[in-house]
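K.L.:
Once you've had a glance at the structure underneath, I'll fire off some questions.
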Amino acid sequence: MTMTKATDMTGSSASGKMNFGQLARDNGTFLALIALILINMIITPNFLQVQTLYVNLTQVATIAIVAIGMTLVIASAGIDLSVGAVMALSGALAPFVFLSEFGMASPGLALVLSIAVALLAGLLCGMFNGWLINQFAIQPIVATLVLFIAARGLAQVLTNGNLQVFDNPAFEFIGSGRVLGIPFQALMAVAFALILSWVVRRTAYGRYLLAVGGNAKAARLSGISVNRVRLATYAICGVLAGFAGMVVSAINSASDANQTGQLMELDAIAAAVVGGSNLMGGKAPIIGALIGAAIIQLVKYTLLANGVHDAVALIAKAVIIILAVYFQFNRSE
Amino acid sequence: MFGMFNRSRDLRTEGVWIAVVLVVIFATLRYDNFMGLYNVQTFFGYNSMFILIALGMALVIMTGGIDLSVGSVVALSSVVAAYASPYGIEVALPAALLTGIAAGAINAFLITKMRIVPFIATLAMMLGARGMALVLADNKSVSVDWTSNFTKFGLTRAFGLIPWAVILAAVVFLALWIMLERTTLGRRILTIGGNPEAAKLMGVPVNQTLAITYIISGACAGLAGVILASGFGAGQPLEGLGWELSAIASVVVGGTLLTGGVGSIPATLAGAVLLGLIFNILNFENGLGVISLSAYWQSVIRGGFLLIVVILQSRSGGGLARRRGTT
């Protein structure tokens, strides 16, 4: 186990550049994505249309953004169950700011402030998770369970469980704007992925992260501040979840503390795992997480577009997760 | 007989009992009807579902695993029970139980044969069972047959006193308690959680033991599904969302280490009761009219409560976890 992790680390840092062939070998999921697209071209009517692409990009972006953060957390041998609840909290906080009296008085400042507050909430939630895990040596699954329960509750208390409907074109741009014809949040997802995969491969933090996930004790002995790496990782995951929460509110022109981000932790974990993450830590395939998110989205879309029962999509998702993990395991042996 | 209490004789598991006693004393003094027959019956009748899945979850967690599928399996087996309800409880209960066992067996197969980590395997089962429940139920609640004796199970009481659901949960509780403390299987479960490598070297049939715990967890979820369908008059494919996390919280509050190897069935019961009591007390508190907390505050309070418990536990049990090299 330690051997494979060591080779993974040197492999990814030595080659640096990531080409498609390596992606296919490393993930296998990339080929699955191509296969899915080819199948869709044959069986799904109107698949090769710009509209289809937009629908899928719009829907996949939130999963992808959260999955990127989750990939980092999983790389540190952790897990973050709170991302969906943090989305609900951030998604509710942003409109709360620009709908307030102050927000009505100075809309420009309020817009900046609302986005800052939402991201800050995500950051604090993430740091809280990291702090719990560091300070009390609580397992990540239990530590993040606290905010999984409490953060959505806070969002509901804040909004009294009601929809906050708003009409704020500038804020809605986050969820329905387009740059060069491409949905804004899809561009953001790609930007986050590129930045963070650069960070993982090229910065000290990235190397420390993989070292901590591979073997925390060895990392500590070699002088890495394991606690700071963990804190940063959960903080990044929290900020990304906060951003995703704003995207969902912006798409709907309303925040819904009850529904926003519901079950998102599972989709994000699934996307990360399908993308090649190993729950034991030590690997951070961020581009893989994007592909994993795309696969999950595309399977859902394929089934829906072909009139298959919504519930069957859940079963299909289950099968995909099992197959992805099974084949990864077999290859690593 | 006193030997049965040996394993729970440390601060982590005693703490939860002390907390339960303190909360009950507080509530009895504060609210007139808290110890009333009606409240006690309703409390245990409703919470028997959560107690059942927490007990199954506790065994899985003691092996160092996790079962995220229980909430969905409750939903699926409640749908199966509702479809079988015209044939009476004597058919519907075994049918739902078998559904739970089948789900547990699939989890066990994925984990022991396909070597998929429990978190992912049961995550997949969580999605799969939910999908199956929705397909079977055609996306809506499935009414039970009110003319058979099926709903009597959920709505009447044994000897006019104890809800049948409570009797069911009590039987499972006793069986699992004795199994864990008094049988080879119980010792194997704790050995595997303590150190899987050593367990294998000692000749413990690791895969077989793991499989049994996941099957028991599935079976407990199946029984909870029967209680759900018969108590509420319908098979509910959308119910049980997040129940796996309540169950994990109960197990953690009960002092069972998530890393496995340590745990107690009675303390898990206490953990589930304690979490249930928080809801119960908030209801009474709202009833007094002193405060008016919306239902949403309950999640915040529950989260805060879990926070306090895990911090206290990490203080008292951190040394143990560190010695085992798991932190």
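Each residue, glycine too, has its Cβ placed from N, Cα and C.
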K.L.:
Quick one: which of A:54-74, A:285-305 does TrEMBL have down as transmembrane segment?
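P.N.:
Based on what TrEMBL states, transmembrane segment spans A:54-74.
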K.L.:
What residues elsewhere in the chain lie close to the transmembrane segment (A:81-99), defined as a C-beta under 8 angstroms and at least 6 residues from its ends?
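P.N.:
Sequence-remote neighbours of the transmembrane segment (A:81-99) are 62, 66, 69-70, 107, 110-111, 113-115, 117-119, 121-122, 125-126, 129, 141, 144-152, 154-156, 158-159, 164, 166, 168, 171, 237-238, 241-246, 248-249, 254-265, 268.
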K.L.:
For the transmembrane segment (A:140-159), find every same-chain residue at least 6 residues outside the stretch whose CB is under 8 Å from a CB in it, and list them.
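P.N.:
Sequence-remote neighbours of the transmembrane segment (A:140-159) are 73, 78-82, 84-86, 88-89, 91-93, 96, 125, 128-129, 132-133, 255, 257-258, 260-261, 265.
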K.L.:
Examine the transmembrane segment (A:111-133) against the transmembrane segment (A:231-251) and state whether at least 3 Cβ pairs sit under 8 A, considering only residue pairs 6 or more apart.
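P.N.:
By the criterion, they touch.
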K.L.:
Considering only Cβ pairs under 8 Å, which range in A:54-74, A:179-200, A:311-329 makes the most contacts with the transmembrane segment (A:231-251)?
P.N.:
A:54-74
K.L.:
Near the transmembrane segment (A:311-329), which residues from the same chain, at least 6 beyond its ends, have a CB less than 8 A from one of its CBs?
P.N.:
28-29, 32, 270, 273-274, 276, 278, 292, 295-296, 299-300, 303-304
